[in-house]
Amino acid sequence: MRIWQWLVGLLISALALYGAIRGLDLPTLWAALRAGNYGWVLPALLALTLSVAARTARWRLLLNRPSGVPFYRLWNILNVGYLVTHLLPFRMGELARVLLLARYPQTPPGLVAMSIVVEHVLDLVAVAILAGLALALRPEAVGIRVLSWAGLGLMGGALLVLWIGAFRPSWAWKLAEGLTQPFPGRFRERLRQEARAALSGLEVLRTPRALAGALGWSLAAWVAAGSQLYAIMGVFLAHPDWLPALWTMTALTFGMLVPSTPGYIGVVQGITVWVMGHLGIPQATAFSISVVSHALIYVYLSVLGALGLWMETGSLQLRFLQRKDEPH
């Protein structure tokens, strides 16, 4: 990875973190952290677990329920992806998921990669639905309204691209043929083979029942994620509110599309403080919520990822990113 990519991510994270801590009163922050009711962490952990389980179920559906790849393996690989994302920048965890699952002949790299793309589109749809609900309940937040409309525009563009691939596969295939034509023969055929697998990953969009199931799991995952943030708000607020949780979750979803440091350190804090500040939550409280919520997600998913990595590769090293391993 080029050094400039690291520097861009570091700069973005540093600017976001600066925005979060600018003017922050440290004694007030320390007092908020000390006074927290940390019993709320247990329901937050439960909600986080349910969110990952829903995402695993959705991934299995998008992969057409591959034979020989049970739920627990997809759970392991998904969490390994989170672990790698926490350690390396630029969403390298998604590459990790492709490489680990591509060890199985029934899940070729093109299919796995396309399933991840469809995941992101479904995430945008689910978050846009929840953001629209929150906006309808409290329409006076101007900054959040702009964010919601921007999210709807991004969602619409992504859906259009996937619709073309799903319902006009001949168009997509002609494009793939044109893009791969300049490459040498054997490599060109390999690329086209992966393109066919990728297009097969869009079959779920042509099946109303499967599409409804995938969207349902997406909504379940994001409701659980919002519940996790709501529970962490309960650590610091006597009366937590669902609407700030939904809006913050929406902003984080779109904010994490930009490059940053591993684990989105700084970006999470900056976005959380900005959104909650618009909703009247004090800076020290919002920063405390962001730190505890982010730390919980970071540590818990990293532990699950380490366990999954051990179960899948027999090692805690990331050598599989450089070579093709056989399934354990």
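Just so it is clear, glycine is given a Cβ too, placed from its N, Cα and C backbone atoms.
Where the annotation comes from TrEMBL, it is an automatic prediction and has not been curated.
The transmembrane segment annotation in TrEMBL covers 39-57, 69-90, 110-134, 146-166, 214-238, 245-265, 285-310.
Within the chain, the transmembrane segment (69-90) has long-range Cβ neighbours (under 8 A, six or more residues past its boundaries) at 1, 5-6, 9, 52-53, 55-57, 59-60, 63, 96-97, 100-101, 104, 106-107, 259-263, 298, 301-302, 304-309, 311-312, 318, 321, 327.
If one looks beyond the transmembrane segment (39-57) by at least 6 residues along the same chain, the residues whose Cβ comes under 8 Å of a Cβ in the stretch are 71, 74-75, 78-79, 119, 217-218, 220-222, 224-225, 227-228, 231-232, 234-235, 292-293, 296-297, 300-301, 304.
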